[in-house]
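Worksheet: one structure, shown below.
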Amino acid sequence: MKLYRPTEECGIFGIYGHPEAANLTYLGLYALQHRGQEACGIVSSDGRSLHVHRSMGLVADVFGDQAIFRNLPGEAAIGHVRYSTTGDSVTKNVQPIKVDYSRGSIAVAHNGNLVNAQMVKDELEAWGSIFQTTMDTEVILHLLASSKQNALEDRIAEALGRLKGAYCLLFLTETRMVAARDPQGFRPLCLGKLGDGWVVASESCALDLIEAEFIREVEPGEVIVITKDGITSHFPLKKSEAAPCIFEFVYFARPDSYIFGKNVYMVRKDFGRQLAREHQVDADIVIPVPDSGVPAALGYAQEAGLPFELGLIRNHYIGRTFIEPQQSIRHFGVKIKLNPVREILEGKRVVVIDDSIVRGTTSRKIVKMVRNAGAKEVHVRISSPPTSYPCYYGIDTPTRKELISSSHTIEEIRRYITADSLGYLSEEGLLKAVGAGENPFCKACFSGNYPITFPKLAAAPQLDLF
Ligand code: AMP
């Protein structure tokens, strides 16, 4: 039996009512590349049929040939960037997925992870459905196709009613585009306007690139139907307490984006300020682990009154090492990605700021690198609490066993990464910085409190460090 793989980290973009729909979708995906680097695709509609181009690879490579756009005609298009976890890195799993069924064609692009996909799939198979991919997203299309409802929005509402978990979805038919966000609003999704056309994107940085106007965020539980007559908004699902993902602010979203009512850069800077209040240390300079640690390091340096320096230089022409599918590449990755600046570090007491420690391998290599470049002391500060629990809602975190803080104390982690001191931002500090008084967040990766229950959480087995 083929088990379903979560869709994991992804970005989605769609545009309706623009003569250059596929071209603009390409640009939108380019701005969302940080959300997934393994594969991408675009489906366009010319009003009569859907056209597809999808492949493994980066956006600029997959859509590098201008001729491709001649085969993506029409004034509406949706696109997807994807990263999957291990296995199943095959073209049939690249999104958007398009199917033809009794009522025409439909394509879907999904960001998030459905926690009950396997259960629904088993049921559907028992009724005779045949699945083509190993993505949880395909379940949605089968539910849509088997719905007895007439109107597309009713079929979508019925399908969504069966789903549990995190999803931001974009559907495209010959004549419509539909955007949907789960009732908890785990992942970000925003709505924009470009001329007479409508745009939907995972993050606002994609709107900025194509000079679309940011209108608002798609609300948790909202379904927006876009046709040539304009947009209509629906709330077909039972209301739930919102639980947007705090890790989008910590690491995943781009700092220039506006998500969950806030600018990511400003939030990260506040994480850094709060971190400085909680974990002061006598030091000479503050350096970030680029790029994810930069805004927090600026906040830390300003609050602590210490100089901010770029002690590590990043090669920008490689992807995020963590989300390369092969283990061997990840280990080698830190060196390909970062190089220390000896002139900045030599003889200094250095505070190194990163956004998170997952397995601990990156921090260990960075501390070694900074020390080898002549630093006298290396103090590591992390602008989020210890990541002790895996995410089931679309962020690619490893199993509990591989998460260093699930089975080790902060002192043990400090010794493992060989830092002179180690301090994490507290959960209270994180929530204070993000203004969580007004908004609840999903912070299951730190607290283990999952807003939607997930089949059986294994106890964390001990990870041997030394
Ligand atoms: P590790 O070596 O496993 O401890 O990885 C820690 C590094 O991975 C940090 O520098 C983070 O910026 C980065 N990171 C944390 N979470 C993720 C994620 N879900 N995907 C990709 N990179 C991540």
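Just so you know, glycine gets a Cβ as well, placed from its N, Cα and C.
Look at TrEMBL and you will find C10 tagged as active site, nucleophile. Taken residue by residue with DSSP, C10 (active site, nucleophile) is part of a strand.
Under the heading domain 'Glutamine amidotransferase type-2', TrEMBL lists 10-229.
Positions annotated as [4Fe-4S] cluster binding site by TrEMBL: C245, C391, C442, C445. C445 ([4Fe-4S] cluster binding site) has a Cβ environment of 26 other Cβ atoms inside 10 Å.
DSSP assigns D354 (Mg(2+) binding site) to a strand segment in the three-state reduction. Under the heading Mg(2+) binding site, TrEMBL lists S292, D354, D355.
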List, in sequence order, the residues of the same chain other than S292, D354, D355 whose Cβ lies within 8 Å of the centroid of the Cβ atoms of the recorded Mg(2+) site.
-> V250, Y251, P288, V289, G293, A296, I353, S356, I382, S383
In angstrom units, rounded to an integer, how far apart are the Cα atoms of C10 (active site, nucleophile) and C245 ([4Fe-4S] cluster binding site)?
-> 14
Same-chain residues at least 6 apart in sequence whose Cβ lies under 8 Å from C391 ([4Fe-4S] cluster binding site) | C245, F247, T397, A444, C445
Select one residue from D354, D355: among these binding-site residues, choose the one with the most other Cβ atoms within 10 Å of its Cβ.
-> D355
Inter-residue C-alpha distance, D355 (Mg(2+) binding site) and C442 ([4Fe-4S] cluster binding site) (nearest angstrom) = 17
